[in-house]
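Trainee: The annotation signal peptide is assigned in Swiss-Prot to 1-22. Look at Swiss-Prot and you will find 23-540, 598-604 tagged as topological domain 'Lumenal', backed by sequence analysis. Positions annotated as ubiquitin cross-link by Swiss-Prot, on the basis of similarity to another entry: Lys154. Per Swiss-Prot, transmembrane segment is recorded for 541-561, 577-597, 605-617, and the stated evidence type is sequence analysis.
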Amino acid sequence: MAPLGSSTVFLLALTIIASTRALTPTHYLTKHDVERLKASLDRPFTNLESAFYSIVGLSSLGAQVPDAKKACTYIRSNLDPSNVDSLFYAAQASQALSGCEISISNETKDLLLAAVSEDSSVTQIYHAVAALSGFGLPLASQEALSALTARLSKEETVLATVQALQTASHLSQQADLRSIVEEIEDLVARLDELGGVYLQFEEGLETTALFVAATYKLMDHVGTEPSIKEDQVIQLMNAIFSKKNFESLSEAFSVASVAAVLSHNRYHVPVVVVPEGSASDTHEQAILRLQVTNVLSQPLTQATVKLEHAKSVASRATVLQKTSFTPVGDVFELNFMNVKFSSGYYDFLVKVEGDNRYIANTVELRVKISTEVGITNVDLSTVDKDQSIAPKTTRVTYPAKAKGTFIADSHQNFALFFQLVDVNTGAELTPHQTFVRLHNQKTGQEVVFVAEPDSKNVYKFELDTSERKIEFDSASGTYTLYLIIGDATLKNPILWNVADVVIKFPEEEAPSTVLSQNLFTPKQEIQHLFREPEKRPPTVVSNTFTALILSPLLLLFALWIRIGANVSNFTFTPSTIIFHLGHAAMLGLMYVYWTQLNMFQTLKYLAILGSVTFLAGNRMLAQQAVKRTAH
């Protein structure tokens, strides 16, 4: 352990806690997530639609497909000039590729213009308008807007409204787009909030992401701030980026699109503040490093980062305020070596400025500042109970073990005194865990006591054998005394073998056998006492009762033998066979009811069997009556 007066050592553990001022992003795209998203988009083309998702999605992330010329050739060869959807995918994908131009005939142009009609679906209108825009062809925006508005009144789904927003972003700014812009507020009202952290449509992640991307693209186009609150933007962001693996290309494309617009738009840019590992664990410096990025983990190097204040969690006292972070490469650093922080937890309120578009730019970090504990003024004493002899005191220095042994018996007590200090500052410490453990060297018995500080923060442990005999089970012997010190803010928890103490209890109180009190020994098996079975009647009684139950059956057989059973009239007609089988089945059902079924199940089966048996019996008796009449 470092001696007193050595250089300061700080160990910081950083956690982002919920700020009372605003929501903070809980989900965003880390650099690893961005690469995984790119990998999800970079797939072989299976059709023109997949090529669109892959090319435009990668372009949103600032990447390109591996072979742009090959991709352009694929688009040209798979384009169907008579299909509006095919033209849309080709136009948008070719725009994302440099030097990829696609020529369009007049017939194709007329096809696209004809699709911009209220007789077409919203999807068809969107694809036609976007294709015309992508190919650089002229379009009557006001007429397209009228067709879109008329069709939207018939399709009131969330996806149709989102596609209307996407369509409007391709129309001229001179057109009156207010009716479409007003749909944004209606869509926001239809969002579902989950736990105050997430906001999404019940249609799922893809629709939610397309809505956010379309909203900001349209608002950038018309030059109006979207009617979405900053907290709602963060909730939408948390919902969209909470998913890291994507089932389809379209889903990955939607996430890439929203990541692009939230990173670069004219109104709202969410800020992500992430601590970079832990602070420097050295004797020379204590530095808090923060990564300040957008949702794509791209550094906001032009930002300014300030510490508003740092408060102790325990006392709420402000220990540091109004301090700027220093930009170093892609991170921001705060060196607070010169500030006298005592060990404990602190809340650092950090604010990111430099752009009025920043949202979620105030974050609160919980910082744990650890230190090293030192043990000083350690005195071991034996004190005579009658005080006729002066106490014998031995001072010991950590981590050495005291020489010799100390005795505690009916005539003298044993006492331990010590103080705990901060090695770095010399201030007194009161850790959460300060224990004295006594371990019997022969039996393995362990007894643990809590050492408490007095008003002067001097820890004292006194062993009086007359008062502590219950804890020790009056087991005399040589005990090893350990001092245990621990705390979440201590860098060097201590387990110190301080001394050997001989403890003597009066012999008449000592147990004949000493059971180990080791906490880790197997416990004695618990013997359960179950209720004794009830007495049963004698075998004679049970046999007699069984015979009485069977007596009617025996009587039936006896009468049949005496009178004679008339089986000559038995006929093998279906009704006769079904009747007797049904009767036998009902008797069998009674047995099953007794062993397995409940009353309601039995009644259900009995209704079926009874109906069949009744009908068969009625038919059988009718046949017998006809037979008698004939004779």
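In case you wondered, yes, glycine gets a Cβ from its N, Cα and C as well.
Buried or exposed, and what's around them? Tell me for each listed feature.
Mentor: DSSP assigns Lys154 (ubiquitin cross-link) to coil, not to a helix or a strand.
Note on the topological domain 'Lumenal' (598-604): residues 589, 592 of its chain, located 6 or more positions outside it, place their CB under 8 angstroms from a CB of the stretch.
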Trainee: Which residues of the chain, 6 or more past the ends of the transmembrane segment (577-597), have a CB below 8 A from one of its CBs?
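Mentor: Apart from its flanks, the transmembrane segment (577-597) reaches 605-606, 609-610, 612-613, 616-617, 619-620.
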Trainee: By Cβ distance under 8 Å, which residues at least 6 away from the ends of the transmembrane segment (605-617) in the same chain are close to it?
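Mentor: Same-chain contacts beyond the flanks: 574-576, 578-579, 582-583, 585-586, 589, 597.
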Trainee: Using DSSP, break the topological domain 'Lumenal' (598-604) down into helix, strand and coil residues and give each count.
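Mentor: Summed over the topological domain 'Lumenal' (598-604), the classes give 6 helix, 0 strand, 1 coil.
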Trainee: Looking only at Cβ atoms, how many others are within 10 Å of the one on Lys154 (ubiquitin cross-link)?
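Mentor: That number is 10.
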